[in-house]
Amino acid sequence: MARSTAMKAAGLILALLIFTFFSLAASSSNNQIQILNAERRIDLSSHIVKVFLTLKVENVGTSPASEIFLAFPPSQADQLALVKAQAAIGKKKKKSYVHLDVNPTQLPDAPNGTKYFSISLLNPLSSGETATLEVLYILTHSLEPFPAEISQLESQLVYFRDSALMLSPYHIKQQTTFIKTPSTKVESFTRVEPTKFAGRELKYGPYEDRPPYSFSPVIVHLENNSPFAVVEELLREVEISHWGNLQITEHYKLVHAGARHKGVFSRVDYQSRASVKGASSFKHLLASLPPRVHSVYYRDEIGNISSSHLRTDYRKSELEIEPRYPLFGGWKATFVIGYGLPLEDFLFESPDGKRYLNFSFGCPLAQTVVNKLTIKVVLPEGSKDPSAAVPYPVEQRLETKYSYLDVVGRTVLVLEKKNVVPEHITPFQVYYTFKPIFMLAEPLMLASVYFLFFMACVAYLQIDISIRK
Amino acid sequence: MADGESSREATARTLRNAFGNVFSFFILLLIGILAFSIRLFSVIKYESVIHEFDPYFNYRVTQFLTKNGIYDFWNWFDDRTWYPLGRVIGGTVYPGLTLTAGTLWWLLNSLNIPLSVETVCVFTAPIFSAFASWATYLLTKEVKGTGAGLTAAVLLAMVPSYISRSVAGSYDNEAVAIFALIFTFYLYIKTLNTGSLFYATLNALAYFYMVCSWGGYTFIINLIPMHVLLCIVTGRYSSRLYIAYAPLVVLGTLLAALVPVVGFNAVMTSEHFASFLVFIIIHVVALVYHVKGNLSPRMFKVAVTLVVSVGLVVCCAMIAVLIALVASSPTKGWSGRSLSLLDPTYASKYIPIIASVSEHQPPTWPSYFMDINVLAFLVPAGIIACFLPLSDASSFVVLYIVTAVYFSGVMVRLMLVFAPAACIMSGIALSEAFNVLTRSIKFQLPGSSGISQSGDTSMNTEGEQNDIAKTEKMDETAKERPSKKNKRKEKEPVVKASIRSRIERRLLVLPLEASVIAIILLVLLGAFYVKVACKVDAALNVHASTLEKSSRVGRWKLVHCVWAAAEAYSAPSIVLTTYSREGGLHVFDDFREAYAWLSHNTEVDDKVASWWDYGYQTTAMANRTVIVDNNTWNNTHIATVGTAMSSPEKAAWEIFNSLDVKYVLVVFGGLVGYPSDDINKFLWMVRIGGGVFPHIKEPDYLRDGQYRIDSQATPTMLNCLMYKLSYYRFVETDGKAFDRVRQTEIGKKYFKLTHFEEVFTTHHWMVRIYKLKPPKNRIRGKTKKSKSKASSTSSPKRSGTGKRNPWH
């Protein structure tokens, strides 16, 4: 089944290749740039595929170029979680990197639904100049388990599909691709000469002088027993209390996204040699939390889960959690992690009098992919004008939540993002205005209720409502 | 002048009254806090979680109620249990507890206090035990005054028997029912003392709440008629008695019939028969008294002879018809549980399901001592104190304790009904003892004006520092209070009784030294009460370290003893803990591990078969359909599961397959030494199964009358499904297959499963889940052979197993 789809894909790509030769002339606008050297390092050691791309580009055209385009086949574009680019400035000794903006774009003559990202250069590349760009992009769900179902004793094999030649709208003079595998065990790989496999590295290339949109599909079938921990849905609720606490509640829906477990789960086998008999499973997860974390809990809908350890030091806290049972392929688990943080570490006042929360975006669990991340920032009751500054495109909306003794409700800023990887963990800000007098609303309310209660008691004791004296 | 003096005296008295009221109010508040907080050890030591089995069902019902509303709740047909029969939850459940917690949750949420349903459920029992101790105060106050009331309330707040059923998380009917029971009794006594219709109506409402809450309401509806009858027989009939009883029967029965689970049972079953009989009798007596009041003595005699001769004939005929009606039904109109109360041997003879529940067994003597300890010695003293001036109220309490002693002797569960009675009696005894002793001291202290004063001696003594005397003082003040507030005279007998008691009190003067020593001894007894609770409980406790801890801390011994007392009962039973040698805590959380696995990794509609003990937990925690659960309403269905568990693999597979079962869950304690596992319960499965399906015979599973699983075990035993599922591949853990519960090596160590495959076993092997293999796998196939190498369990080779398994 999977093989036939691979064949189909190959056929498709062949057609694409032929098509690209014809369309060469059309993409005249891209002709002014060529890539002198492209080096691709694909890291397959976990289920999150990281690709480091080093491009040396040259402007061979006449007019200065301010943008460099990256091309991705449509299948990969869906799996793309993050694209980052930076430019190297200076010579070898004093090399420093400058972050560049990357935005998805469309090109009018995109063959076969190719998706593009444009890297905006800091200074337009004038004619004849060269620049070195470093690109990192991350693919998720791009390792397909094959066989799709394995038993407890088998280890997990996956397919990785890519092209030996980099898809690019530019002419590439020389390119090499290195694929790093998690173990030496590689079942098979497509050969596109020159191809070399040594140790834990598979090398494709170098290939010289390839025209734009060259494509040469390869399939690598390799062993990968790293935990395929995927959080299908993560809801992080950040509740600000101006009494000094930041309460975070995180609801996880975890799944093992590797090859599905089939048949027997034998505890005897698992306990005797878990590393061999149950290699594809995982039972530990590591969450890195901010320092000074307190009142941490880890539970699910039926109660506390006792298997967790918290280590704290002054820089960070680490929470090691174990789901109730080891997770095999396809097994799911849900749990909640909650903790409190001192507010002064995260809430600041901006010069214009607004307050802002500075908190980290993304999932605190190491080495996990989040399919859908929702962050709810619950502002204190009475706060106004919420706005968020997030480094990535996210969906935003506002909600109202009623918590302890609320009357008007708390404004909740909801941020949603799909396909989140650990590299997304960067700070984001939520700005709002808040008058401290609102802090006293609830204590005053309680006090007045008590007062009224005692008044009622006094009144009841003083009033004689009997008819007969 | 005299006028001014009396007014000054009056203001002084009002002040004292106010002080006494405020003082007792704060004592009551503290008692409530004590009752609440002593039950929180389970939350502090473990976690805020629902305990045991039945509470999980109640929790699930509450969840349904809060989610879908009251009307859906009444109409709820639950298809996730008793598959394929289902269960009409709305009509078969006592809704009191659920409605209480649901209302509490709704109230909190409408105030925007977002507590989860679980939290509300966990804390319902402690809250209601605080209410129960307040109700005890009220009841005892009506019987013997404020001092006795406060003492009884303190005792009830701490009585181990009640703690055991009402720790936080023990979300069971009894949690609210004990409060309802005591409160109903209080209102009955209150009505009896005041003759007020207002309280009579409240009494009917409280009775209604009790009917909603617990099947034990039959105790009320039998005890009160008994008391009424007692009053009539002893010539204590009064209009107050009539007001206390008649509205209760009429209103109470009407209200009880509103509860779906009771319905027409309220008029049709024999449990309620006594109340109607007494209802008739009280009317006859009322008529007689009325007639007697209107006629001259001679005319009355004539009328009596006339009525008696005619009435006797009619009555005999009526009773004969009634007896015939009742006798015609096979159970004589009594439900099985009630019958086993009247005849303790009934259940073990006819209904093994009722007999198999440990809480339906008669209690042992140690359990009496553990559950009420020193109260057991105080109770007789309390009974004597009740007789000193015997009033309607105190006769009721005496009757209550006598019947409760009997019922608690039949069923260990009903110790819970006995505990409040014991507390009330002990409270009365203690308070009377303090009264006598402090009075003795007071009379003999030099310079005290005690002797010269009449009547209110205790109220006017100056320089009184003894706080026990203060309680006594409040006792006096509180007696005055109702007469002031209601602007109504106290009832004659009460006043008379109090005067008589005062005279008696003066006669009962003990020597000073003796009374001081006695007071000290009594205080020590109170300490002993708490301390003994500690010792007994700690001895029962698996963790001996708690005892060491409590003995190490010398000064706060009492506090720690309470702590230990609560600890013995606070284990939620779904989580088990042991202390490792280094002092670390080791947690056995296997049950929830298994339930979480089931809920996340099986299909929503999969059916899970297990012994009925785990039915409620499976539906609540794993949200999977079960075949049988703890509501043991269908004996045949349970017998079917019992038969399957005690059959050989193939027959069991067929039974389970016919029930659409996909997973079979067994609880196995052999690896870690968890004694209440399925192998230990197995004989009950055989018995219950054999009761319906005669081909299961108990002797087949016993070797010379002994139940064993070692090499001496019978072949039937070694080949039944329960044995196989429990011990499958057990030998691979230690090489010997040593069962730590039975302390023996198992009989058959190496065997394969043909029709079941292991799909999950928890970390400590306490829960093992097997899947029924689909039928097609049973057909011999060539392709399967290669697979059986990879996974040793899925071996469809029937011939192979046939050789190793001669009984198959």
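Cβ coordinates come from backbone N, Cα and C, glycine included.
Features of the protein shown, as given by TrEMBL:
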type     : residues  : note
TRANSMEM : B:18-38   : transmembrane segment
DOMAIN   : B:22-425  : domain 'Oligosaccharyl transferase STT3 N-terminal'
TRANSMEM : B:88-108  : transmembrane segment
TRANSMEM : B:120-139 : transmembrane segment
TRANSMEM : B:145-163 : transmembrane segment
TRANSMEM : B:175-200 : transmembrane segment
TRANSMEM : B:206-230 : transmembrane segment
TRANSMEM : B:242-267 : transmembrane segment
TRANSMEM : B:273-291 : transmembrane segment
TRANSMEM : B:303-327 : transmembrane segment
TRANSMEM : B:368-388 : transmembrane segment
TRANSMEM : B:418-437 : transmembrane segment
COMPBIAS : B:448-463 : compositional bias 'Polar residues'
REGION   : B:448-493 : region 'Disordered'
COMPBIAS : B:467-493 : compositional bias 'Basic and acidic residues'
TRANSMEM : B:507-530 : transmembrane segment
DOMAIN   : B:605-664 : domain 'STT3/PglB/AglB core'
COMPBIAS : B:777-788 : compositional bias 'Basic residues'
REGION   : B:777-808 : region 'Disordered'
COMPBIAS : B:789-808 : compositional bias 'Low complexity'
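Among residues of the same chain six or more beyond the transmembrane segment (B:418-437), those with a C-beta under 8 A of the stretch's C-beta atoms are 132, 136, 139-140, 143-145, 147-156, 159, 161-162, 178, 181-182, 371-372, 374-376, 378-379, 381-386, 388, 397, 400-401, 404-405, 407-408, 468, 471-472, 475, 505, 508, 510, 515-516, 518-519, 522, 526. Long-range neighbours of the transmembrane segment (B:175-200) within the same chain, counting only residues 6 or more positions beyond its ends whose Cβ lies under 8 Å from a Cβ of the stretch, are 96-97, 100, 124-125, 128-129, 131-132, 135-136, 138-139, 142-143, 162, 165-166, 206-207, 209-210, 213-214, 216-217, 219-220, 224, 238-241, 243-244, 247-248, 392-393, 396, 400, 416-417, 420, 482, 486, 488, 491, 494. Residues 270, 273, 288, 291, 295, 333 of the same chain lie 6 or more positions beyond the ends of the transmembrane segment (B:303-327) yet place their CB under 8 Å from a CB of it. Tertiary proximity for the transmembrane segment (B:242-267) is limited to same-chain residues at least six positions away from its ends with a CB under 8 Å from its CB atoms, namely 74, 90-95, 188, 191-192, 195-197, 200-201, 203-205, 207-208, 211-212, 217, 221, 224-225, 228, 275-276, 278-279, 282-283, 286. Here the transmembrane segment (B:88-108) has long-range neighbours at 58, 61-62, 64-66, 70, 73-78, 115, 117, 120-121, 124, 128, 171-173, 175-177, 180, 209-215, 259-261, 631, 633, meaning same-chain residues at least 6 beyond its ends whose C-beta is under 8 angstroms from one of its own. Counting residue by residue with DSSP, the domain 'STT3/PglB/AglB core' (B:605-664) contains 33 helix, 10 strand, 17 coil.
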